[in-house]
Amino acid sequence: MSAETTRFDSGSAPAGTRTGPGSDPGRGDIPQSGGAGGGSGKRPRRRGERGPLASFGLHATLLFAAVIAVFPPLWLLVTSFKPKSDTFTIALISNFTLDNYDHVLNNTKFLTWFGNSLLVVVTTTVIGVFISSTTGYALSRFRFPGMRPLMWTLLITQMFPMAVLIVPLYNLMSRYGLLNRPIALIVTYLTIAVPFCAWMMKGFFDTIPISIDESGRVDGLSPFGTFWRLIMPLARPGLAVTGFYTFVTAWAEVAYATAFMTGERHLTLAGGLQTFVNQHTQDWHLMTAAAVLIAVPATLVFGYAQRHLQSGLTAGATKA
Amino acid sequence: MAAEAVRTRLGKGARTRRTLANYWYAWAMIAPVVVVITGIIGWPLVRGIFLSLTNANEANVERQIGVNKMEATYEFVGLENYADILTDSKFWDRLGWTMVWTVSCVAITFLIGLALANMLNRTFRGRTLYRMALILPWAIPAFVSVFAWRMIFNERNGILNNLLEGQGIAGIHWLSDPTWAKAAVIAVNVWLGVPFMLIAMLGALQSIPAEHYEAAEMDGAGPWQRFWNITLPGVRSVSMTVVLLSTIWTFNMFPVIFLLTRGGPAGSTDILVTEAFRLAFIRSPRDFANSAAWGVLILLLLVLFAISYRRALRKQGEVW
């Protein structure tokens, strides 16, 4: 984790210095620090330098925001180590115990749910990224009849609410006896993943210079060869970011998972977590332990991938 | 942009020589996605529209019970469902709340995201740490965080009410009083949405050249002037995209409301999508036809919104 931090530090340092002078105007955005910064300093202040009051305001605001951001997950973590009787005590630690984890792992179907989730989400991600990449490439490089309608379709299907597809998909799955099977969720998640991946991949292929394609063609590669041997290796970061987004979206999906998977053995994590706290049971202590077990791997993956998030986002967003 | 230029160059010079041979590659490359979209989005969509014109419910759809296959017995009823929905005040209530929910969530999230991005976009000690803390809500799957919030909001034992009572203030019915429940779901959704805004706006801020600020400062522009005349125009195009995305996501935000309040108390926090879900999967008997009709109406609303948004952007000379 510390290696991660330092690497990230060195990455962001140049950006910070570059925008250093520009950071000043942003101060106007925060009244409490802006007013203080413009105050009557005795010594003329250098550009981009903050007065002590402005500095205090900045840190106080950020600290406040950071505490709010961190508190709920932190509280979940803290509570997961308390026994059932102490679940709602205010103390950070009371009667430290690992029983909750023990119970969740050994006496519930948690590991099965985890496996179900993993199977569904990984399959969705791999299929989604794989079949969308060629489309992204075609949209980025070729001009062909049907291109505009396809782009529009991709854009519109991305904003499809789950409410419009969930009933017909449910009925189709039920007709073919696929409810409670992983394949039902995989197919369903592909309806979300495919338009999204194709759109993202187009954005990434757009950033790869077309001269690379041309040199490949000059050297006698077919369009498929160019795509597969030259462009795909170059687009690997893009593939990773797209895959990551798909993974996260599918991992956190609730509606389809709740509606399509009902038997306890078939639940995914989103459905499984709901079984701890509902009309019949109020096992908050077990819920917290399960929640931590779900959140920790997700957070680790996220921490690893977040270095790419900003560039990925802006690339995806500005190209839209 | 380079791709664009070359594409047109290719298009002009070689259009006569490469005709169908050229398109063939492109069509082959988009084929997988076209097939998938037609099969798992197009076909269900058509079926959904059809179902919304029938009286399908749990008791009369085609289904499998053990080895027995029950044939569908629902009937075509035309626009009856739509007429019922549109003349019922329930739909308009939900629509009104959905609007309030969407606008307030997006506006608050955007303002907080922009303010925090402005603060983070400068050099000071602890910047990386703040950044990591602030994007933590994004790293954790939403359904996990929502349960954490449910625990915090818990009426009898939750930490919020515990703290309030410690101060001698009567506990608040966070999730069972209609007004507080609305405030609570908005707060949780803002908490979930800020990190995305923050990262997107940070990327946009860093893409503004520092020279612009230097030049403005030379010309004697104050912090506020620089913020209004350089920062805001600089983040404009990214803002347009993220606001559009965020609006669509919030409009369709299912897990927050479903897991936090289940739409309650008495449906007061139900937005359109959770209501559609409730009709088909929670209520008994399940009313597939009406749920499908709600879905179609939701889709129409979204399409209308996207069209008018695009038109508004065009009017202001935005290329998007």
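Cβ coordinates are placed from backbone N, Cα and C, and glycine is handled just like the others.
Feature annotation from TrEMBL assigns domain 'ABC transmembrane type-1' to B:95-309.
Look at TrEMBL and you will find B:21-46 (among others) tagged as transmembrane segment.
Here TrEMBL flags B:95-117 (among others) as transmembrane segment.
Beyond the transmembrane segment (B:129-152), the same-chain residues lying 6 or more positions past its ends with a Cβ under 8 Å from any Cβ of the stretch are 116, 120, 158-160, 175, 184, 188, 191-192, 194-196, 198-199, 255-256, 259-260. Annotation source TrEMBL lists transmembrane segment at B:129-152 (among others).
If one looks beyond the transmembrane segment (B:183-205) by at least 6 residues along the same chain, the residues whose Cβ comes under 8 Å of a Cβ in the stretch are 101, 104-105, 108-110, 112-114, 116-118, 120-121, 134-138, 142, 145-146, 149, 153, 174-175, 231, 234-235, 237-239, 242, 246, 249-250, 253, 256-257, 260-261, 269. Per TrEMBL, transmembrane segment is recorded for B:183-205 (among others).
What TrEMBL records for B:238-260 (among others) is transmembrane segment. Sequence-distant contacts of the transmembrane segment (B:238-260), counting only residues of its own chain at least 6 positions beyond either end whose CB sits under 8 Å from a CB of the stretch, comprise 98, 101-102, 105-106, 109-110, 114, 142-143, 146-147, 149-150, 153, 175, 184-185, 188-189, 192-193, 196-197, 200-201, 203-204, 269-274, 277, 298, 301-302, 305-306, 309, 313, 318, 320.
The transmembrane segment annotation in TrEMBL covers B:288-307 (among others).
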